[in-house]
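> Dumping the structure here so I can ask a few things about it.
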Amino acid sequence: MLFATFLLGASAITCPKDEVEVDGACYPETCVFDGTVCNNKGKCEDNACVCDFRYLLSDKGCYPTECVDTLSHLCSDHGTCVYDDQWKIYTCDCEEGFMGFGSSCVHPNCMKDDAVCSYYGECADDENGVPHCVCPYVTEGEYCERCSDVAVATADDRCVDPTCMTEQPDGTSLECNGHGYCFVPNVDDDHTWMCICDFGTFPMNSGLSCVSLMCISDTAKEEICSNHGVCLNDKCACDDDYTGDRCEYKKKDCGVDEEFVEGDCVAKTCISSDRDHNSPVCTGHGKCDDGVCQCDKGFTRVGTNDCVPESCINDGRLCPNGYCSIRGTSGQCVCNDGYYGFGGVCYPESCITKKFTHNPPLLCRDRGECDFDMGICKCDWLYGGIDCGDCGVHSKLLHGECVPDSCLSSVSPEPVMCRGHGNCFEDSYLGVHFCSCEQNYVSIDTDTCIHKNCMTQRPGGDDFGTECSGNGYCDNNAGACVCDPDFSGKHCEEKKCPSGQKYVYGEGCVSTRCITKYSDGQETVCGGLGDCVDGKCVCRGTSIPYAGACVSQACLNGNPDGPVCDGKGECVNGVCRNSS
């Protein structure tokens, strides 16, 4: 035992004055409660407890906020702080004869209309230990329920010190000039009052009045309306010879083309059309020079009187379909309702078909142009609909695309582009669409691609004539003609004719006696210069009959008895041609 005592004595700590030892360390007495530092619910800093979150410093240390009253007493010194398992909160368990009221334990002698001493006083024991209301000097009564003779009753039935009342120009008085409320900042000195001012106001008269910042010309000097007016309804009402938001300008007599602005006479042509700015002269971003605004750097003039940020100019116009919001030396376009802003441009929502994060929106499905002012899509001629999402009157939907009627064939129930063997192209110079055909297919119209095996060739050239001689149609995939009834042949060029007649392309069934056959296999009626009547050629014009056909005089060299072309060729369409 002696050995233990010696060790204990050897390890004892001697703390400085006003400090005590806790767990082997010295702490200020103001931080130690019941042998703990801040009840183990806070830290000791600068000789005072800084309590943990949801804890407050009371006269007995750090306790849950639900148990510390407005005077920093724990349950008003008439209860203990306990945890309610049912509601999961801390609450005051009050002594017998006291009732819980928020974070306080209050005696019924101090309660009236669910308020403790009418919210003004403090419940305390008198010299006989009987609880009663101790009222501040501005109230009186058993429950501090009425204003005392030295106090003023405000419009909302509050009792305040007369020093907080501000006299108005009409002779009435308002608490804190009508812009705040009066309170006692120091509970130990209830004769010291001050105003808590509303936002946008400033404390004046040693904190006993509140004045709108719109009326204060110098906060350091507590100067109102430059000492040349009074503040009414948060605005300065200036004396007759002064003007300005804060009566800071003495009036001058200006010329007929001038206006008094900001203490000087300024040409009316420099006064901004929109005066909602720091300065109405050149929109506050330039100087007036000979009646014209000279704008600051980064600003440009609109008309003679407005200086606007260059960033608000789009296509030479000031924020089309919006307005320019100016902040300091920069500005940006703010779009009107129904418009979407991107990159300084206001796009009509009615034209937008898709929006992107980092790029301008897609307008009219990229199938037309948007009229920004009217907010409507003007579609390319292939397209239609409100947002150009439909095909136009001159096109049809084919495989998800609008194809011009000029490129559509109608040989099947459903329209087919270029008879299925070509693509539709646009000639931007001529403004037309036509079919560009695949290899081995030829175009006979803007909308048709036909396999060349189905086409007849015109005599004497490489040009193609008609599809299947006009007597059938081409099976484009097979590259072969499908002939009409009574017709046959590779190109449907042969027709079943009566005996003694033969089918001639373009002429029908003709007497064989009228048919002229050339060395290249081509056949014509009466040499192409006459008509077959009753099995005989009747020549037209100056042509004359020769060997059952019609021959031009040029082919006979003036000799009606021949021979044709001096016997060295054949007459084709009135012109000599060497026979093959």
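Including glycine, each Cβ sits where the backbone N, Cα and C put it.
Any TrEMBL annotation is an automated prediction that lacks curation.
Keep in mind that what you see is a predicted model, and the values were worked out from it rather than measured.
In case it's useful when we look at the structure, here is the feature table from TrEMBL:
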- Cys75-Cys92: disulfide bond (DISULFID)
- Cys483-Cys492: disulfide bond (DISULFID)
- 63-106: domain 'EGF-like' (DOMAIN)
- 460-493: domain 'EGF-like' (DOMAIN)
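Walk me through where these features lie, including what they touch and how far apart they are.
Its Cβ taken as reference, Cys75 (disulfide bond) is surrounded by 27 other Cβ atoms within 10 Å in the chains shown.
Around Cys483 (disulfide bond), the same-chain residues six or more apart in sequence whose CB sits under 8 Å from its CB are Cys468, Asn471, Gly472, Gly489, Cys492, listed in sequence order. In the three-state DSSP scheme, Cys483 (disulfide bond) is classed as strand.
Remote same-chain partners of the domain 'EGF-like' (63-106), defined as residues 6 or more beyond its termini with a Cβ less than 8 Å from a stretch Cβ, comprise 39, 41, 54-57, 116, 122-123, 187.
Residue counts for the domain 'EGF-like' (460-493) under DSSP, split into helix (H, G, I), strand (E, B) and coil, are 3 helix, 14 strand, 17 coil.
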> Enter the number of other CB atoms within 10 angstroms of the CB of Cys492 (disulfide bond).
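Its Cβ has 25 other Cβ atoms within 10 Å.
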> Name the residues of the same chain, 6+ apart in sequence, whose Cβ is under 8 Å from the Cβ of Cys92 (disulfide bond)?
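Listed in sequence order: Glu66, Cys67, Cys75, Ser76, Gly79, Thr80, Cys81, Val82, Gly100, Ser103, Ser104, Cys105.
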> Do you know the DSSP helix, strand and coil residue counts for the domain 'EGF-like' (63-106)?
6 helix, 22 strand, 16 coil
